[in-house]
Amino acid sequence: MQAKKRYFILLSAGSCLALLFYFGGLQFRASRSHSRREEHSGRNGLHHPSPDHFWPRFPDALRPFVPWDQLENEDSSVHVSPRQKREANSSIYKGKKCRMESCFDFTLCKKNGFKVYVYPQQKGEKIAESYQNILAAIEGSRFYTSDPSQACLFVLSLDTLDRDQLSPQYVHNLRSKVQSLHLWNNGRNHLIFNLYSGTWPDYTEDVGFDIGQAMLAKASISTENFRPNFDVSIPLFSKDHPRTGGERGFLKFNTIPPLRKYMLVFKGKRYLTGIGSDTRNALYHVHNGEDVVLLTTCKHGKDWQKHKDSRCDRDNTEYEKYDYREMLHNATFCLVPRGRRLGSFRFLEALQAACVPVMLSNGWELPFSEVINWNQAAVIGDERLLLQIPSTIRSIHQDKILALRQQTQFLWEAYFSSVEKIVLTTLEIIQDRIFKHISRNSLIWNKHPGGLFVLPQYSSYLGDFPYYYANLGLKPPSKFTAVIHAVTPLVSQSQPVLKLLVAAAKSQYCAQIIVLWNCDKPLPAKHRWPATSVPVIVIEGESKVMSSRFLPYDNIITDAVLSLDEDTVLSTTEVDFAFTVWQSFPERIVGYPARSHFWDNSKERWGYTSKWTNDYSMVLTGAAIYHKYYHYLYTHYLPASLKNMVDQLANCEDILMNFLVSAVTKLPPIKVTQKKQYKETMMGQTSRASRWADPDHFAQRQSCMNTFASWFGYMPLIHSQMRLDPVLFKDQVSILRKKYRDIERL
């Protein structure tokens, strides 16, 4: 019985196998016959429809789905042959072995330093607004030169941002235009900016012309094509991204615990087919509609309904229920999946919103990855492990989440909030490669205030900057140099400048006194100056302009600078107290005369006031202490146009210094004690000091406020209501218990 069953099973299997071979052979022969008939009919101009029982040809069932700039547009006529792909790839990888050592001429940078030349714009050439902003940022920077013979780096005026052939911004015949440039030199020492490259269906990283030995500052660049220590990966930004300044991050205060309404969110397009569709098509597996809200829509492109699947209607309905901004500001983590290209606008949006980015874009070289440690600000995921993302982020400790969130705000404000910062960061990275002996280290790039405000030309030692004392375990300086700005001749021994000099010299923290003689009269004889226990150095300014008081003089031997106007009235006790306060806040301006700014709605401009109000945003440098690094930053970071304005008006230098320090620290200055007698309306009426009583003086300061705010691109000044007084100040206790007892008598 068992043998019969075995024979029956073998016979059935053999019959099935024979039938399979038979019908398969017929199908194969029919297919070959059909292809021959098609070939024959093609030659004779005839067409025969294929039988219904033929095997389906799946590529025909999936029609091309063509996006551009993340806005879907279908153009089924676009076809890329294998030969065209090979040509595109060859142009991409032709200079793949380029590095700074092999494709960059360092000798051009040795003579004049790091200078950048922008080619003159050619008549008739259209330039997109985004590229105009890039060129404007370069031309407004301290690196710019209009003389190509002084240049170390060259930037094209031809718009290379959008190299998608379907884009209306695409510049045709770029290859011949670039080759005709007499300074091109096969791209050597050239930098090319690019946001979009390639087109449907592959989105290769081909920019459409031979870049030769040029460097690429490129968005959505892959790790495979990225040339380390040569190219620069930049973020993908929209045409509405501000040119300068930009909005600050949305994190106004830290919440403990740092959890928001949603754990993980995303809202964006769902690509049904093609490159970039795999991850977005699978997001619904992770979406739970509660604390993980991942929304996609099929409604994009002209013919989206032709490609819709059974889930589209449900996804579209769910998509409309949520407001993207509300989700963004109430989420702990934001998913940043790849689009058609590796980069996404969601990346910068998440950074600004203090929503920790969860990256799902395998192979993307993250922006400025050469200097930024993204593990401190983002979660780097893997597209292949999508289903593990929720459990991964839930396992992150709250302390780590808070640190990640704070770092997103720092990176956004330091490097990404404007086109100017993106461009300057790119240039600073290249400069660090050229001058490696004074390049910034990882701590500078990843800690406040960031690489753009810490100039390595000042010093290669972090302890010489006021921002890293805690990181290095150092104590702030114990001595200061008093710099007195003198503009009136010395005619009497009772002049305020001499009393001020003696009071400063008596301070236990004073190392030396420098008198900056900006008076038109000759220097007084040495015996006219009072005898002091510390050295007194008199420097005669060559140009005798207002900005000269902030020059980085080699004579200043201490890190702390006590800046004084010649008619300031301060006692030794007040000097000592201000300096001890500054030692706790070495990165800020600490002093006595406070002023404030406000927005004038009627005039739609910024205003300046010296009224005694409950808050302030400036401490004038007529009686203030700050770090001497700000002298170097004032001289070498600020543009000549602002300093020339200050010198021509002989005014506003103190306002400009406050703008600079607040822009760097993102913090207000600190006022000490309630002293109010330092007022512009109470200054002397003689000689050059009469500028304080000049009716135009106050109007000039109003104008300066708006000019400075325009250059910075935003208002960096921050209001504060904090005033620091000595312990037991004005308390009803014995005067013997008070350290700075003389301050109460003033």
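Keep in mind that glycine also has a Cβ here, set from the backbone N, Cα and C atoms.
Features reported for this protein in Swiss-Prot:
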TOPO_DOM  29-746  topological domain 'Lumenal'
CARBOHYD  N89  N-linked glycosylation site
DISULFID  C98-C103  disulfide bond
DISULFID  C109-C152  disulfide bond
BINDING   L166, Y203, H300  protein binding site
BINDING   K267, K269, Y271, R280, Y319, Y324, R346, E349  UDP binding site
DISULFID  C298-C312  disulfide bond
CARBOHYD  N330  N-linked glycosylation site
DISULFID  C334-C355  disulfide bond
DISULFID  C652-C704  disulfide bond
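Measuring Cα to Cα from C355 (disulfide bond), the binding-site residues that fall within 10 Å are E349, out of L166, Y271, Y324, E349. Following the DSSP three-state reduction, the secondary structure of C652 (disulfide bond) is coil. Spanning the residues K267, K269, Y271, R280, Y319, Y324, R346, E349 that the record associates with binding UDP, the maximal Cα-Cα distance equals 20 Å. A helical conformation is recorded for E349 (UDP binding site) in the three-state DSSP classification. As a whole-number mean, the pLDDT of the topological domain 'Lumenal' (29-746) in this prediction is 87. Among L166, Y203, H300, the residues given in the record as binding protein, the maximal Cα to Cα distance rounds to 18 Å.
For Y319 (UDP binding site), the nearest of the recorded positions by C-alpha distance turns out to be H300; the candidates were C98, L166, Y203, H300, N330. The Cβ neighbour count for E349 (UDP binding site), using a 10 Å radius over every protein chain in view, is 17. Cα of Y271 (UDP binding site) to Cα of C109 (disulfide bond): a span of 47 Å. Taking each Cβ in turn and tallying the other Cβ atoms within 10 Å, the top scorer among the disulfide-bonded residues C109, C152, C298, C312, C355 is C355. In this structure, the binding-site residues Y203, Y271, Y324 were compared by how many other Cβ atoms lie within 10 Å of their Cβ, and the smallest count belongs to Y324.
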